[in-house]
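J.: Taken from TrEMBL, the feature substrate binding site covers Ile31, Glu38. Marked as ATP binding site by TrEMBL: Arg132, Leu133, Gly134, Arg135, Gly136, Gly137, Gly138, Tyr139, Tyr140.
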Amino acid sequence: MFLLMFLDEAVQDLVLEAPWFKSCNQLCAYIRYEGLREVNTSRIVSKILDKPKSGDMQVPKKLYVPRVEDKESNMRMLHVTSSADLIANSMNILEPTPLDNSGNQRENVMQADEPVDLLLLPGLAFDHSGRRLGRGGGYYDLFLKNYLELAGKRGWQRPLLVALTYSTQILDEPIPVSPHDISVDALVSPSGVFTISPNALERM
């Protein structure tokens, strides 16, 4: 338990101190599911939602977090501004409420006027080529496919796809992939930041 907490802190420290995180304006980030081997993101999320402190050089950020809509791999990334916007679902995973405090629909990143710079992604395992093994539901695969297609149509720069992982989840052998699977640009583990794609090498 204490080891996992230490490893979670190490990964989050690397993200919070990274220039590519500090300079991003809009991002999507997952909320860790306790029942799976996922790196905790609570400090990262809190850092974004907290009001910047005096002398904090971090660029203010617009945050979108996932809300699972059904069992057909449909997931929306909705804008949140406070930890109070998050409630536990039936699996005890924190998700954004569909409506904000004013009763309005939360902004879906797929309808946003500006692109996200960064997506922080979970996974059960990764290989050195950035292939990702998810939970098997296909939620992130479908979301990433749709978002990257949208970004391409609008002429937006492709966002950085950065996975947070424990070192033991990075496999030497290739992970089998299907045609719709999307590889990540970089991995962040307690051992450091590992850039993989040309996109990551250029921007990280």
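A Cβ is built for glycine as well, from the same backbone N, Cα and C atoms used for every other residue.
TrEMBL: automatically predicted annotations, no manual curation.
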J.: What Cα-Cα separation, expressed in whole Å, is found between Arg132 (ATP binding site) and Glu38 (substrate binding site)?
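T.: Checking the Cα atoms of Arg132 (ATP binding site) and Glu38 (substrate binding site) gives a distance of 13 Å.
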J.: An 8 Å radius from the center of the Arg132, Leu133, Gly134, Arg135, Gly136, Gly137, Gly138, Tyr139, Tyr140 Cβ atoms defines the neighbourhood of the ATP site; name the other residues of that chain inside it, in order.
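T.: Same chain, not in Arg132, Leu133, Gly134, Arg135, Gly136, Gly137, Gly138, Tyr139, Tyr140, Cβ within 8 Å: Gly123, Asp141.
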